[in-house]
């Protein structure tokens, strides 16, 4: 049984956050968004303005699940550091680049109707930067909505893994405490300093308050002193909000508190609901990647057929885009994302070489 299958509250949070991000983008781009704002200005304005905050939920959950996978007890890593980074890169980058390729094909088709929503030109350097998840660090324009998040996710995972690898060099009796202390220190530094500097929003340290907090919720939930340490950490983060309130950090703290509560008071929904939540949570990354090309096609159809004043048709297009994005997320997860999570050309190559060596022997 997978981690996600045993954690229905994680699935529910991922599903809700993914839907909020899809609606946020649908209400941010093109004639569909303009029509929605004209018809329902308050609701559309709220989702347009605040829907992006749902990313914080993914950051906290990402840290929580990474802690479970990297070092379940904040001690030794579960695999060598290069192997962990390589696996994470493949898991993120292969589906991401498949989605980028789809966006570029769709962009070429809809460019006459949506010139402001598609890239003017795409260079090989820009494509390579996206493939290496370096587009944010190198200052390249994103080729799809949410591309920045994929790069930041890998940065955060790598930073957490590096910190744990550093703690692993210490004597055994100090490893766990050093790992916890290092992550907690960077969480506080991010909340009190880095997260207040907008120019750092392409770096992992800007978001580490949310990501590292998720990791600490998992680790401290297993530690006998965690019931005292975690409330203290949350109090220090609330103090950072009192000094400089940021809605994104407030949502991260609330999400972490909810995860901590679920550790001591687990939620057990019925089998049917649990299975549906599991599917929605499992397909959330695919939904995140695929909704933008669907959005482009729907907006192009409205622009070409109906024009900007067709509010009723635009509303239908918005709902259809939302529905279609969710429908195609499942096949994309099964045929692209899941195989990418299992794909490792280095391991396959070494296995093939070993097999050839055995046969020759």
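Glycine residues also receive a Cβ, built from the backbone N, Cα and C atoms like all the rest.
Unlike curated entries, TrEMBL annotations are predicted automatically.
It should be emphasised that the depicted structure is a prediction, and the values quoted were computed from it without experimental measurement.
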Using TrEMBL as the reference, determine which range in 52-67, 68-83, 116-131, 228-243 is annotated transmembrane segment.
228-243
Pick from 18-37, 178-197: which stretch is listed in TrEMBL under transmembrane segment?
178-197
Suppose you had to name the range TrEMBL annotates as transmembrane segment; which of 292-310, 311-329 would you pick?
311-329
Sequence-distant residues near the transmembrane segment (203-221) by C-beta distance (under 8 Å, 6 or more away from its ends) are 56, 59-68, 73-74, 137, 152, 155-156, 158-160, 179-180, 183-184, 186-191, 194-195, 197, 229-230, 233, 237, 248-249, 252-253, 255-256, 259-260, 263-264
Distant-in-sequence neighbours of the transmembrane segment (178-197), which means Cβ under 8 A and at least six residues beyond its ends
71, 74-75, 159-160, 163-164, 166-167, 170, 203, 205-209, 212-213, 215-216, 219-220, 223, 233, 236-237, 240, 243-244, 246, 249
Per-residue pLDDT averaged over the domain 'Acyltransferase 3' (10-324) comes to what?
94
I need to check the long-range neighbours of the transmembrane segment (228-243): which residues 6 or more away from its ends have a CB within less than 8 Å of a CB in the stretch?
184, 187-188, 191-192, 209, 213, 216-217, 220-221, 249-250, 253, 256-257, 260
